[in-house]
Amino acid sequence: MDTRPKVSSLLNRMANYTNLTQGAKEHEEAENITEGKKKPTKTMLTAISMSAIATNGVVPAGGSYFMISRALGPEFGGAVGLCFYLGTTFAAAMYILGAIEIFLVYIVPRAAIFRSDDALKEAAAMLNNMRVYGTAFLVLMVLVVFIGVRYVNKFASLFLACVIVSILAIYAGAIKSSFAPPHFPVCMLGNRTLSSRHIDVCSKTKEINNVTVPSKLWRFFCNSSQFFNATCDEYFVHNNVTSIQGIPGLASGIITENLWSNYLPKGEIIEKPSAKSSDVLGSLNHEYVLVDITTSFTLLVGIFFPSVTGIMAGSNRSGDLKDAQKSIPIGTILAILTTSFVYLSNVVLFGACIEGVVLRDKFGDAVKGNLVVGTLSWPSPWVIVIGSFFSTCGAGLQSLTGAPRLLQAIAKDNIIPFLRVFGHSKANGEPTWALLLTAAIAELGILIASLDLVAPILSMFFLMCYLFVNLACALQTLLRTPNWRPRFRYYHWALSFMGMSICLALMFISSWYYAIVAMVIAGMIYKYIEYQGAEKEWGDGIRGLSLSAARFALLRLEEGPPHTKNWRPQLLVLLKLDEDLHVKHPRLLTFASQLKAGKGLTIVGSVIVGNFLENYGEALAAEQTIKHLMEAEKVKGFCQLVVAAKLREGISHLIQSCGLGGMKHNTVVMGWPNGWRQSEDARAWKTFIGTVRVTTAAHLALLVAKNISFFPSNVEQFSEGNIDVWWIVHDGGMLMLLPFLLKQHKVWRKCSIRIFTVAQLEDNSIQMKKDLATFLYHLRIEAEVEVVEMHDSDISAYTYERTLMMEQRSQMLRHMRLSKTERDREAQLVKDRNSMLRLTSIGSDEDEETETYQEKVHMTWTKDKYMASRGQKAKSMEGFQDLLNMRPDQSNVRRMHTAVKLNEVIVNKSHEAKLVLLNMPGPPRNPEGDENYMEFLEVLTEGLERVLLVRGGGSEVITIYS
């Protein structure tokens, strides 16, 4: 029965979709949220990118985190989302500290609990007051948020009204100053600004009962309170004390002085450039108004930037919006336009109405601590004071509302396991546990108590979030994924890229060390999610980018075969499954992981015998079993299962079709068919030989692991021992390369490599050993070399292949003795010969090709030697063909003579080796000799604990050149 939903019911569910938390009835009142109307971004680039992402589908709770994670994946989304959460939480602390500073400095100064008459300790006392009152304010705001978002929205309306009234008061005051500027005197000594906190009059002297007496200012600059016999500061003597208007008004033309920047170092006296001053230095007196911190553009950006971080305020509460796709773009862009106008116009008005020395006076020392903007506003400074206080309180409430919802969205996605508890909420949808954690982190920011220290931290987190929002939009646009269909049309990848670049630049401009710390934190979260978090498939852009990059790389790989220097074994591991679909020899995967060490391509293949339509479920189950085993053995690769009517056909299909383009296997790994002698069914070992034939026909390398159950696991580590290589026939360098690769793994790292080569009686064994040592030196492989002498008849089974390859091996070893000039001259010739190498099996179907190759191999021989070798080849072929075809007139001793003799030598030399690598001869052309071939390999490897039979693929895999 078809259980798919009807079209009518599907459309009904989609049309009535809501992203509101179930049970959150009060969220219905969230239509009038004013989330983005107080704080604009410095540029609209990020807003444009966010609008495009927000209109590309439904945006549930999580806002910026949801947008980034679905566009860039859970790792980026989680890392940036958590950093943005921390930034929003610290922003709440900053807003609360700002509210407390306004409360204690301008509203109720007497409410301070900690006081100090010492000017040096006064700042510390103020910080303690901010910690106490900040904690109290935080608890009060958390309670409001805990009750519900409905009450936060009601407070937001009140706070917004206060902010609007304050802004209008500033405009009204600026206009009024053009014809009636407020009385706001600033005392100057020459062109230097004086602090008015400890002086009674702005004059050197004053009249008391018609008597001129020194003022307090005189006493600060002179060593005596009397006019006579007083020694005064030189600058004080030569300059007059004057009083200037701190707010000269809009019509004063003061904007010409304030138009250009003039950054000062810490401790510098604040001066008015246009005022008259004698050219004397004088001493640095504490009654001057000094620069409290070294100013620069980067510092000011870092301090000012938190005031424009409200771009994400609306997106953070996307779960509370009925139509986030509509509300986020419109609300954000209109808020940016409005507040950008307010910010820029206020900057211009302040520069046009207020003296530069007053603008530089951070603590208001020159104006007795009065609020400059409040003095400029009309009708009363209290409008600004109250408006600023409620503005910071409202911003703090918004941050404490948005941050827990952001954390809850991250926790509900379950990408960070230890955050799972913070995904729970009350019946009305309020994230209780997330709110408590947010309050605890905000309290840390309040305990810091310094706005200048908190501001750069949250600036980094906000900028990082904006950077990735821009990156997500640019990536989706460039990839042109079919699902990228935003309703917001006014975006372009170039704008997003520009916004991303500006964000990155501002991070390092503001504070390079804070930027590095923020990136390290994000990187640690990213790696944690990557290794410990739950795997999610969200169709993100990073996956799309990976597909595009993979396609590009595969097309590049198709351009030609890999160079010898880039060759590494790309494995196809053939596994056998039992009746319960369990892997029979899991150590084969273990060995593959040790050989690869996480590099290159690994394909794990297996065959299920049967019909695909009937066995599809079994194939899926077996695939999952193999994938779990691959994960346990730390094998990074792919799994490929084939359902075929016959096992041999399935294996042949795997060998032929696995891989894609240039990413195909070049080496087949399989296990030896243990117990083939006792098996009544010959199909097992016949399948093995058939696989060897298919591998040889495909010109692939073959690795056969015998006694695979004795191979070490990944937790075992050999503290000593040898890896023995028996180099009888040159196979393109496979026997040299494999032990080197194995030693890269911790299991085999402490083993030593020993290379044994077989010499005939007519060979010069001493020179052969020297040549082989030189060859290994040029290959940069450390190994012990030993030459074993054997009679030609003892290795007759290898004679055919040895005839083909011996001259090549001899040429290679002699090549090491040539001069550099000669070696360079012959390099290309050797390469051409090697490229035609084929390890042809005894009596195989490749006789014609072998003939052609042999003629090329013996190009440098004399005619007599060439004819002798041809005769030797014919003799060897006849003898070994008789051996494998089991002619009735041949005894078992003669048939196994080669295997027994070689086995005696190998066991004698390598019986204690941790692993023995041997050349694997090819199977006979005539299938009637298959059983003899199996018997030959069995006898050859008898008495050895771990054996790896190696057959090269016909190409060079190792080179002496860099």
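Yeah, the Cβs are placed from backbone N, Cα and C, and that goes for glycine too.
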Per TrEMBL record, range annotated transmembrane segment [choices 490-507, 724-741]: 490-507
Residue distribution over DSSP helix, strand and coil in the domain 'SLC12A transporter C-terminal' (586-704): 57 helix, 26 strand, 36 coil
Model confidence over the domain 'Amino acid permease/ SLC12A' (43-175) (mean pLDDT, whole number): 86
Segment-segment contact (the transmembrane segment (155-174); the transmembrane segment (328-354)) at 3 or more Cβ pairs under 8 Å: yes
Selected stretch (most C-beta pairs under 8 A with the transmembrane segment (79-109)) from 45-67, 130-149, 288-308, 328-354, 457-478: 457-478
Listed stretch, out of 45-67, 130-149, 288-308, 328-354, 490-507, that has the most CB pairs under 8 angstroms to the transmembrane segment (433-451): 130-149
Leading contact stretch, 45-67, 288-308, 490-507 vs the transmembrane segment (328-354) - CB distance under 8 Å: 45-67
Intrachain residues whose Cβ lies under 8 Å of the transmembrane segment (45-67), provided they are six or more past its termini: 17, 19, 21, 77-78, 80-81, 84-85, 311-312, 314-320, 324-325, 328-329, 332-333, 336, 402, 405-406, 408-410, 413, 465-466, 469-470, 472-474, 476-477, 483-488, 490-491, 495-496, 498-499, 502-503
Remote residues contacting the transmembrane segment (490-507) - C-beta distance under 8 A, at least 6 residues beyond either end: 43, 45-46, 48-49, 51-52, 301, 305, 459-460, 463-464, 466-467, 470-471, 473-474, 477-478, 514-515, 518
Contacting positions for the transmembrane segment (130-149) when only residues 6+ beyond its ends and CB under 8 Å are counted: 26-27, 30, 92-93, 96-97, 99-101, 103-104, 111, 113-114, 155, 317, 320, 393, 396-397, 400-401, 404, 428, 430, 432, 435, 439, 442-443, 446-447, 449
Composition by DSSP (helix, strand, coil) of residues within the domain 'Amino acid permease/ SLC12A' (43-175): 112 helix, 0 strand, 21 coil
